[in-house]
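Chemist: Dumping what TrEMBL says about this protein:
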{"type": "COMPBIAS", "residues": "87-116", "note": "compositional bias 'Polar residues'"}
{"type": "COMPBIAS", "residues": "140-157", "note": "compositional bias 'Polar residues'"}
{"type": "COMPBIAS", "residues": "171-184", "note": "compositional bias 'Low complexity'"}
{"type": "DOMAIN", "residues": "197-267", "note": "domain 'RGS'"}
{"type": "REGION", "residues": "80-187", "note": "region 'Disordered'"}
{"type": "TRANSMEM", "residues": "271-295", "note": "transmembrane segment"}
{"type": "TRANSMEM", "residues": "304-323", "note": "transmembrane segment"}
Amino acid sequence: MESRSPTPDGGARERLPNLFEVLSRRTLAPVDLFSFYIYMRDVQRSVDYLDFWLDVSQHMSLCRHYVRELRRSVLISTPDLEKSGSKRSSQVLDNYQLDRTSSDQGPSGTAYNNNTTKERERLSTDQRLSAFLRTDNGSKHSPQNSTGSRSEDNTPGSEHPPRPSFMTGQSASPSPLNNSNTSPQHTVARADIRASAEKILYTFLLPGAEREIILPQGILNEITNAIEKEGRDDPEVFDAAKDYVFQAMERDAFPGFLRAKALGNIVQPSMMLRLIVGLVSLFAAFWAAFVLILLDKGRATRCWVILPFTVGVYCVMSHQYMLDPLLAVVGYSEYTFMRWHRVKETFVR
């Protein structure tokens, strides 16, 4: 699909949305992220790709929150840092000024060519985040250390125990994050980021994984080596896979999603039901018409045949165009079988 710049927040969109806007939650029903998830699950049968995208985006949010907490802990523990001569740690953290509006769940930069200044700044920020997490791997300045949590022994030559992860059933850290998602009210430990990266690897990428997705072998090898051998857990590890999945969804799934949800308002089970009802109605109409003619019934009686003909044509045409005119008039769209919601996207309506 052709790449298009996202509509600025608050602006009126006089066109159909693109995949970037849907994944960024900038769209409304029936072309919102929830509808796209249902379409990937029920129609494309490839919801694992979308779940991988969402998990990587959540991993990025987790890393952002970790750096935000890290910066806050440094500023709290050393309030006169800027006045002193040692500004190295402060400069490293200040290079990543977290912007709460920069949480767009977009691709890493190669899959979605957007040349706007805001997007370039977001990509630069994400790159600085990954670079900081790589240099911070094993750093003593971390939220868990500043709050009294345990820290890893980074003495040269020391043997490190296996990292706790969800695969061993152990808690990744004493942080309350493990029990309450990534709520901004809780501290994120570095072990949480590590566990998040491992979870993505073991759930979606390794051969024989529970929800394995198909990726080029080169990309898979790079991610596996980066996490298991190099010990990396920064978001940049998944950039190549994220771009590949984005392009695959944009090419294979998103055009069908727009046809089904933006240009139509019924789902496949409803389409099949309408086809069956339409064909049965047409058969009954033709059969009744021939019977009434053979029985030499009057015109007033034969006029009733118009009713099954109308129902049959209406149902068949609704199936053909994936559009129910009556639902369109009242402004509703079907997102699962016999469950409707109001069309809120202005251009679609």
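Every residue gets a Cβ built from N, Cα and C, even glycine.
Quantities reported herein were computed from a predicted structural model and do not represent experimental measurements.
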Chemist: According to DSSP, how is the domain 'RGS' (197-267) divided among helix, strand and coil residues?
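Modeler: Helix, strand and coil residues of the domain 'RGS' (197-267) number 49 helix, 0 strand, 22 coil.
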Chemist: Residues of the same chain, at least six outside the transmembrane segment (271-295), with any C-beta under 8 angstroms of its C-beta?
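Modeler: Distant Cβ neighbours of the transmembrane segment (271-295) are 301-302, 304-305, 308-309, 311-316, 318-319, 322, 324.
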